[in-house]
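The structure under discussion appears below in the form of structure tokens.
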Amino acid sequence: MIWSNFIFVLLSSSLLWFLALIFYKKELLKRLFIVLGTVCIGAFIAFLWVKLERPPLRTLGETRLWYAFFLPAIGMITYFRWRYNWMLFYSLGLSLVFLVINYIHPENFSKTLMPALQSPWFVPHVVVYIFAYAFLAASSLVAVRGLYQHYSQTLDRKIVRMADNLVYLGFAFLSLGLLFGALWAKEAWGHYWTWDPKETWALITWLGYLIYIHRRYHMPAKLQSSLWILALAFVILLICWFGVNYLPSAQFSVHTYSQTP
Amino acid sequence: MSIKKPIWQQPWGYAESFIISFGVLCIGFGLELVLPVNQSTLIFPFNLILGASFIILLVLAHVLFRKTKIHAFLSGIPLTISLVSVLSFMVIIMGVLPQIPSHQNGFVQQLGLNRMTSSYPFLLINLFLLIVLGLVSLRKTFPFKLKNWGFVCSHWGLWLVIFTGGLGSGDLRRLRMDIYENKTEWRAYDDNGRYFEMPLAIKLKDFLIDEFNPKLAIVENETGELCEAQKPSMIMIEKDLNCRLQDWQVQVEEFYMTSGRAGDRYYPLSDFGAAPAAKVRVVSPQNDTLQGWISCGSFNRPHESLKLNEAFSLVMTVPEPKRFSSEVTFFTPEGKKQDATLEVNKSVTVNGWKVYQLSYDEKKGPYSDKSILEVVRDPWQPYVYLGIFMMMIGAIYMFWKGRESIND
């Protein structure tokens, strides 16, 4: 079975990243180990793609895998830009959490893909969302750290700038994901927006970050409230991503793709 | 820290904004309780007249009051944030409560919480948002500064999407057509089953369906529910498949996509209604071997499962469609004729109507002679698309520039 090989990915990535942590003062070794650990996940995604004969972007488990891949990638980008070691290892840790969840609860990896999803819009729609989620997750980590610093009176302004930048990038991707989805829906089903529960929660997420951006723009000196808005926005994002399936409204969603025999 | 300003003293800030937004929300809910259910379907030309008047009033208000405090407040960020918060609050309610019509008459129904998008509070807040967004966009556009182009694109884009999407919803027609093989249909029906004559006729020449192979699954005998002790819980049948499903080792010895039962076995067959069937050999955890035929059946054939023990049976699932398409000919009143293939995600536009492949007779599956199409006419679409593309440009701008624009 395809999924049974996953344990090797989990083990090798954790081992490589653990080595990176040990050698965190040796720049070259650290970077090498992190890149290799990420490549392992990337290779598994490629392997899945070939084996399933479709992009592995459909089930929750598959998107978690992409998330586990993009988190370290974005962690590295932010590291190269700002040199925050903690950010790098936070993202690796978070990525490992997703890998472990996938190991404990592998999804039903079937080859079938319903005709509605067989569209050139499918991959950009989901990939752009995954980018957005990864950036926004990183920004919320920064927010939590910022709040900690705020309450321990050691707040560094740089950290809020970094949160802002991550939110700007994440929000740009989130908007693109939303708009791609609207165009796809119009082309495939005849309407942009049907207030499907997933769409509704995606809009709430978008509005949450919209509030943060405007608040920061308006009151750049008031950091505490902005940081709290950012932390809350991530809670909404998590509901949108995982929680929607458990809400009373979800029984009418086209985004759950639950399978019944 | 600044000294606290008494409330309602100019310039207005967050406190005033939130009170006003909350007030508008309450007025909306009040209207919802008092007025009859809002069946707003503004159609052409009324939506156009209303929209044009709105734009003229907005521009006039901008030109006349642009130097006043009230304009600064109405196009300011505190009011934006409060309105977006109130809108989020309503959308969260939508995201939790199912949005379906209900015949009950409780609290939820009276406040219109189960049909939020057509409720008064939702309309009022969106209208208010359009005013605020419109004023701030006007202020940033005139006089135009080149450095503001990203802002102008994203804000006008969003304004256009809300404005044209909202006004155009009355003119949007989404109808369905059931077409049958070798017959010509020119009538379409709406959600309430009312029929309309269309300015085009469609003849279905052939309906084609391509299916994935069925899957093996283990179900509980009593409930008929899927047993999901381990993942994967379903495995697609292939020729000579030998796999482990839960605690059983299953080997597929014979498999036919279309077959019929005769005597004690299935034979390959391409009759009307012929169903998939497989001969399987199952080894239980106790090393007992079972053998038998399973089939998912079809609309005119029974299904057959293999009982594994008192608790569980092995079944074959109904195949999922891989792709389905309709070979059709369109006829227009002008006498034009056009052949086309309709497929999910691949629509065809004829005479101002977009035709989508929607569904088919699912009971008959591959033997369906009926194809269900959706026909859509949306004259406002180009304007909504313009808004969407402007927002996309705004998003790319944002990605490129990052947070540079914040000055602290």
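Each residue, glycine too, has its Cβ placed from N, Cα and C.
What TrEMBL says about this one:
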type     : residues  : note
TRANSMEM : A:6-24    : transmembrane segment
DOMAIN   : A:9-247   : domain 'Cytochrome c assembly protein'
TRANSMEM : A:31-52   : transmembrane segment
TRANSMEM : A:64-80   : transmembrane segment
TRANSMEM : A:87-106  : transmembrane segment
TRANSMEM : A:126-144 : transmembrane segment
TRANSMEM : A:165-185 : transmembrane segment
TRANSMEM : A:200-215 : transmembrane segment
TRANSMEM : A:227-247 : transmembrane segment
Task: Closest-packing stretch to the transmembrane segment (A:165-185), where packing means Cβ pairs under 8 Å, from A:64-80, A:200-215, A:227-247 - done: A:200-215
Open item on the list: What residues elsewhere in the chain lie close to the transmembrane segment (A:200-215), defined as a C-beta under 8 angstroms and at least 6 residues from its ends?
Closed with: 136, 167-168, 170-171, 174-175, 177-178, 181, 222, 225-226, 229-230, 232-233, 236-237, 239-240, 243-244, 249
- [ ] Six or more residues out from either end of the transmembrane segment (A:227-247), which same-chain residues have a Cβ under 8 Å from its Cβ atoms?
- [x] 60, 133, 136-137, 139-140, 143-144, 146-147, 150, 160, 163, 167, 197-198, 201-202, 204-205, 208-209, 211-212, 215, 253, 255-256, 258
TODO: With a Cβ cut-off under 8 Å, give me the same-chain residues at least six positions beyond the ends of the transmembrane segment (A:64-80) that come close to it.
DONE: 17, 31, 34-35, 37-38, 41-42, 44-45, 48, 56-57, 87-92, 94-96, 98-99, 101-102, 126-127, 130-131, 133-135, 137-138, 162, 166
Open item on the list: Under 8 Å between C-beta atoms and at least six residues away from its ends: which parts of the chain pack against the transmembrane segment (A:6-24)?
Closed with: 30, 33-34, 36-38, 40-41, 43-44, 72, 85, 89, 92, 95-96, 99-100, 102-103, 106
